[in-house]
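Student: Here it is, the structure, as structure tokens.
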Amino acid sequence: MASYDVIIIGSGPGGYVCAIRCAQLGLKTAVVEGRETLGGTCLNVGCIPSKALLHASHMLHEAEHNFAKMGLKGKSPSVDWKQMLAYKHDVIGQNTKGIEFLFKKNKIDWLKGWGSIPEAGRVKVGDDTHEAKSIIIASGSESSSLPGVEIDEKVVVTSTGALELPKVPKTMVVIGAGVIGLEMGSVYARLGSEVTVVEYLDAITPGMDGEVQKNFQKILKKQGIKFVMGAAVQSVDALKTKAKVNYKLRKDDTEHQLDADVVLVATGRKPYVDGLGLDSLGVEMTKRGQIKTDDHWQTSVKGVYAIGDAIEGPMLAHKAEDEGMAVACVLAGQHGHVNYNVIPGVIYTHPEVANVGETEESLKDQGRAYKVGKFSFMGNGRAKANFAGEGFVKILADKETDRILGAHIIGPMAGDLIHEICVAMEFGASAEDLALTCHAHPTYSEAVREAALACGDGPIHS
Ligand SMILES: Cc1cc2nc3c(=O)[nH]c(=O)nc-3n(C[C@H](O)[C@H](O)[C@H](O)COP(=O)(O)OP(=O)(O)OC[C@H]3O[C@@H](n4cnc5c(N)ncnc54)[C@H](O)[C@@H]3O)c2cc1C
């Protein structure tokens, strides 16, 4: 029986980052992973492969729509889907092998197989049982579906199937207008599929700032994506190579149907805790099937911790990573900390959408007085040069103190731009602090400064 300071179950961004930090802090560490490769959902069937396809399809869009305008003439590229999938596989391989290298470098053992916890202090993998002073569950999540909708990963697919379709479908229905549905819908729309998004609510991307939701939907519509809003999907009839989506409009209960070559079910994800033995171990769960943890990510069972998608909070890779690093610090006797108020969210469509902190709606709900500083990318020289003038930066600041409370960006590189606002928020900065910081010209980030200026005496370029 091997003995460790820490055994982590799951090698996604939560698990592998936690393992590396544990090892760096001098703890003898092992990771249990049942998948063939390390990296979890994120590297194998999530963040990384989806971004590879978003990148490739965006390049096609640029070639088709913007090259000629810049004097780059010639035949637009055509889609070699097999090669695009090979490129995606190569990107996955480089990333997952990178984690394997980091494990070796940090002397972390990979215990291959599916793990369970027969009792605190013990992890079973296949026929072997290992001892650990602390156990961390980082088992992640899986796609959830709807009643009446059966997934076959061929015609009716989750995001995993959508990343691996045998060909680009002529028609695709996406059920759910959340991040994953809109990213994958964008990929296929750019590659030529006719994409219709069916959403239960009246707005896309639930939880986002209302103004961003409306503008973002307008932009996606302009790109050719169709939307059926306020629609409750009743069932999906899957035939061999086609499917029928049956839905009711909530406003009048009328029944409708949509045909599609592929139906992508993107209605959310749920924690994956199968086979861990949490019931018999006595680990308390929330009503939504998440593992309950305290302020130090310890579950109701002493010595057993949990992080990432398996617990409460946004299901995001960087949230899992931060929890991984924090819990490693706790186990090494240091202070582990995650600021849940400053966790950015990004949608990697084009333009990108990014947000952090409060929305106008959440501030109104709290009855807080706030001001809005907004700046359009149309006033940003770099964005204009790059055909990227769509969208805006919006900063929300406290009306009295000017402290930044939240930010919302639609526009080029929004997912990168958001971080200067995250740093500002971490330091408790005011909008004026941001506005007084010199920003290089010409950069997209000047739009962030202009939005900060708009919280005070006004922006320059609008
Ligand atoms: C299509 C898609 C795109 C996404 N894009 C983004 C994005 O752009 N940005 C972002 O922040 N997030 C994104 N996400 C979400 C992100 O992937 C997750 O938030 C993140 O992977 C969660 O990390 P985790 O470590 O908690 O779990 P996971 O990454 O899910 O990893 C858990 C691992 O644990 C293993 N495991 C589970 N149980 C056991 C067991 N009993 N024994 C052994 N191994 C086990 C699993 O095999 C898995 O490899 C995306 C998700 C999807 C599906």
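The chain as shown is numbered from 1 upward.
Each residue, glycine too, has its Cβ placed from N, Cα and C.
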Student: According to TrEMBL, GLY176, ALA177, GLY178, VAL179, ILE180, GLY181, LEU182, GLU183, GLU199 bind NAD(+); which one of GLY113, GLY268, GLY275 is annotated to that same site?
Tutor: GLY268
Student: If you pull up TrEMBL, which of CYS22, CYS42 shows a disulphide to CYS47?
Tutor: CYS42
Student: Using an 8 Å cut-off from the Cβ centroid of GLY176, ALA177, GLY178, VAL179, ILE180, GLY181, LEU182, GLU183, GLU199, GLY268, can you name the remaining same-chain residues around the NAD(+) site, in sequence order?
Tutor: VAL174, GLY185, VAL197, ILE204, THR205, ALA266, THR267
Student: For GLY176 (NAD(+) binding site) and CYS47 (disulfide bond), what Cα-Cα distance in Å is obtained after rounding to a whole number?
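Tutor: A Cα-Cα distance of 18 Å.
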Student: Return the residues near GLU199 (NAD(+) binding site), defined as same-chain residues 6+ apart in sequence whose C-beta is under 8 angstroms from its C-beta, sorted by sequence, else 'none'.
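Tutor: GLY176, ALA177, PHE227, VAL228, MET229, GLY230, ALA231 - these are the non-local Cβ neighbours of GLU199 (NAD(+) binding site), listed in sequence order.
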Student: Is any of CYS42, CYS47, GLY176, GLY178, ILE180, GLU199 (recorded positions) within Cβ reach of ligand 1, i.e. under 6 A, and which?
Tutor: CYS42, CYS47, ILE180
Student: In whole Å, how far does the CA atom of HIS441 (active site, proton acceptor) lie from that of CYS47 (disulfide bond)?
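Tutor: Rounded to the nearest whole number, the Cα-Cα distance is 31 Å.
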Student: Output, ordered by sequence, the same-chain residues six or more apart from ILE180 (NAD(+) binding site) with a CB under 8 Å from its CB, or 'none'.
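Tutor: Expected: SER50, SER159, ALA266.
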Student: If one measures from the C-alpha of LEU182 (NAD(+) binding site) to the C-alpha of CYS42 (disulfide bond), what distance in angstrom results, rounded to a whole number?
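Tutor: Taking the Cα atoms only, LEU182 (NAD(+) binding site) lies 17 Å from CYS42 (disulfide bond).
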Student: Which numbers of helix, strand and coil residues does DSSP report for the domain 'Pyridine nucleotide-disulphide oxidoreductase dimerisation' (343-452)?
Tutor: 39 helix, 33 strand, 38 coil
